[in-house]
Amino acid sequence: MKQFEGYEEYLKQSELSKQTRQVYLREAEKFVRYLNGKEITKDRTMLYREKLREEDLSPATINLYVIAVNRYLRYLECGQASIKTLKVQKKRSVENVISRKEYQELLNYAKSSGRKKYYYIMRTLALTGIRVSELQYITVETLETGRVQVYNKGKIRDVYLPDVLIRELKKFCREEKENDGIIFRGRGGDPINRITVYKMIAYLGDMVGIKKEKVHPHSFRHFFAISYMECYGNLAELADLLGHTSIETTRIYTTSTVEEKRRKLNNLGL
């Protein structure tokens, strides 16, 4: 829509990720359609939030959309119509994370079914804890240093590649005749699309009978973090590896999941 061209440029100048910009732009357009030409007021923005609540969305999703609308209102210099997000109790643990056994099942199926690229993508996600959008920074050249500089959310952080992963990725590059640049590419040669990765991992999970709630790219980041804490127990180090600004964000990986709590209760033998 032509009326959003200026806003789109404004978002680009804000150094937000492409994915975040797309969400903010889409939600601004939805909000404008909802207003249908009516004046922007705080009451109408609050009513819009209520409409979102009626759509059976999660509180986290509603809050994302509210934040997006508030950003658009600030751009329009209508900050007085901004509204608060919903209060959400912070999660004390990470739920729906793949187990070591499920991780191995995914790898085995990817390899046996000829989906070699996704085998190595899952290995990379699990062994480094990076996000799918950060795969583009893993290049043939970084395999020589074992160190990757990742740019995300306006920050640069170092990601380290373990020796076993370097050996595996070098093997993959030789097989694919990748001599330089990005290792994981889409069909057009661009960095592989996160939606493509999401769909393929969901498919692999379905094939081996893993709950769909568990099988998504970010689950491998959680799997990495939990495995790291179980092995080393160093919260500050993990926060640094994951690129968390606050250690409180990382603390979620120190608490038992609901599943683990139930298992411990069942083992009390009372």
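Keep in mind that glycine also has a Cβ here, set from the backbone N, Cα and C atoms.
TrEMBL annotations: computationally assigned, not manually curated.
Annotated features, as they stand in TrEMBL:
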- 1-77: domain 'Core-binding (CB)' (DOMAIN)
- 93-266: domain 'Tyr recombinase' (DOMAIN)
Local confidence of the domain 'Core-binding (CB)' (1-77) - pLDDT mean: 89
Number of helical, extended and coil residues in the domain 'Core-binding (CB)' (1-77), per DSSP: 59 helix, 0 strand, 18 coil
